[in-house]
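K.L.:
This is the structure I want to talk about, given as structure tokens.
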């Protein structure tokens, strides 16, 4: 009985499989036919759209103004060059407008196309007013996107890298802030033909990727948008402006310039604590610190454009240079008023000893001559010879030697100028630093936003 049931089940499964397989094949063929039909439909739609389409003429020519809605997505911002006053930015530049000639009806509401279709239709002739160099990426294919909605609305996106000018005012350098503009608009069409409009508000029309900053010396706190109209000999044109706000980081310059300047000034003031007679040591301190400040001032200017005004760092270096040079002038003044005298107060004792030794030598020489003259008579008379041998040789009267006075080294007293400088110089330098840093660090950054 069980055998009969199993065989019937197997027959049923085989029947279902044989019945389903043709149905599956039929369904696959239907889907394939639908795909082919869709491709055929879209091909016909595109052919119909381009049939009689003149991409030399803007939409609404003679009837209305073409409105181009724009927004920017920044994928990479930086680097910023202070010497050239320019910056580099990598963006997805998006433009949207409506072309009544490209309306269509089909199974889909949006046609997603690539750059090949973009070259066959009218697109805005947008260019960057302050761009020095612009590159449209073409690897591995041109990085362009085109979408056409059924109502004729087009979305055109390009990936661009732009080197743009960034005017900088460096009076507060390195505590400065800047606003780098990105200006763009139509090259040929005036405001009566084509106008540009930001798609969203300020925070959404220009967006920066979270990891898009490529800045070592700046922070990018935010951005803003604007719009203006400029006049030229050929008409009025709409100019869209996106401002990128930059705030410089001061840490690098504190380590590279400010701390060495402060340490050099402190080193120059060490000479006030040396004796006024230490001319070589104090000269080395003065000359070395002056040369060090000169080197620091030159190196600080190498990273800046050759502007005709003084920056905040220039003022700091100039004041430090004045302190160092004043320390050298102070030593010259002290040295000029230093009294000149013998270095040892035992000189008179030394001279007396030399005179005493000279008189003893003269007496000894006289006695030796007298003995030599009397010697022949002594040899003739044996009695006198015996007496002379037994006689003691007279010695000159010597004064008891007094212990020479101890030679003590004498110094001039500490100069009043040095005493005053030990207090005045540090106090003045500390006051200057307090005023300088309080002024610049508490100052609100002024962003030079161009209209």
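Here the Cβ of each residue, glycine as well, is placed from N, Cα and C on the backbone.
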K.L.:
Please state if residue 176 and residue 306 fall on one side of the membrane according to Swiss-Prot.
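P.N.:
Checking Swiss-Prot: the two residues are co-localised relative to the membrane.
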K.L.:
Annotation N-linked glycosylation site per Swiss-Prot: which of the candidates 38, 377 has it?
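P.N.:
Going through 38, 377 one by one, Swiss-Prot flags 38 as N-linked glycosylation site.
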K.L.:
For the feature N-linked glycosylation site in Swiss-Prot, which residue out of 6, 138 does the record point to?
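P.N.:
Record lookup, Swiss-Prot, feature N-linked glycosylation site, residue 138.
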K.L.:
Transmembrane segment per Swiss-Prot: which of the ranges 228-248, 312-332, 333-353 is that?
P.N.:
312-332
K.L.:
May I ask you to indicate which of 187-207, 250-270, 355-375 is given in Swiss-Prot as transmembrane segment?
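P.N.:
Here Swiss-Prot associates transmembrane segment with the stretch 250-270.
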K.L.:
For the record in Swiss-Prot, which of the ranges 400-420, 421-441 is the transmembrane segment one?
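P.N.:
That would be 421-441, the stretch labelled transmembrane segment in Swiss-Prot.
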K.L.:
Between the candidate ranges 161-180, 281-300, where does Swiss-Prot place the transmembrane segment annotation?
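P.N.:
In Swiss-Prot, residues 281-300 carry the label transmembrane segment.
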K.L.:
Just name the most isolated of the recorded positions 138, 157, going by other Cβ atoms within 10 Å of its Cβ.
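P.N.:
Selected from the recorded positions 138, 157 on minimum Cβ neighbours within 10 Å: 138.
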K.L.:
Rounded to a whole angstrom, what is the C-alpha distance between residue 138 (N-linked glycosylation site) and residue 201 (N-linked glycosylation site)?
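P.N.:
Distance between the two Cα atoms comes out at 31 Å.
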K.L.:
Using a Cβ cut-off under 8 Å, which residues of the same chain at least 6 positions beyond either end of the transmembrane segment (250-270) come close to it?
P.N.:
174-175, 216-217, 285-286, 289, 292-293, 296, 299-300, 313, 316-317, 320, 323-324, 327-328, 421-422, 425-426, 429, 433
K.L.:
Given the recorded positions 94, 157, 166, 180, state which is nearest to residue 201 (N-linked glycosylation site) when distance is taken between Cα atoms.
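P.N.:
Minimum Cα distance from residue 201 (N-linked glycosylation site) across 94, 157, 166, 180 lands on 94.
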K.L.:
Measure the Cβ-based neighbour count of residue 94 (4-aminobutanoate binding site), defined as the other Cβ atoms within 10 Å of its Cβ.
P.N.:
17
K.L.:
Using a Cβ cut-off under 8 Å, which residues of the same chain at least 6 positions beyond either end of the transmembrane segment (421-441) come close to it?
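P.N.:
Non-local partners: 172, 175, 262, 265, 269, 272-273, 312, 315-316, 319, 323, 326-327, 330.
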K.L.:
How many of the residues that make up the topological domain 'Cytoplasmic' (271-280) does DSSP mark as helix, as strand and as coil?
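P.N.:
Helix, strand and coil residues of the topological domain 'Cytoplasmic' (271-280) number 5 helix, 0 strand, 5 coil.
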K.L.:
Name, in the order they occur in the sequence, the residues of the same chain whose CB lies under 8 A from the CB of residue 166 (disulfide bond) and which sit 6 or more residues away.
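P.N.:
For residue 166 (disulfide bond), the qualifying residues are 80, 85, 86, 87, 178, 180, 181.
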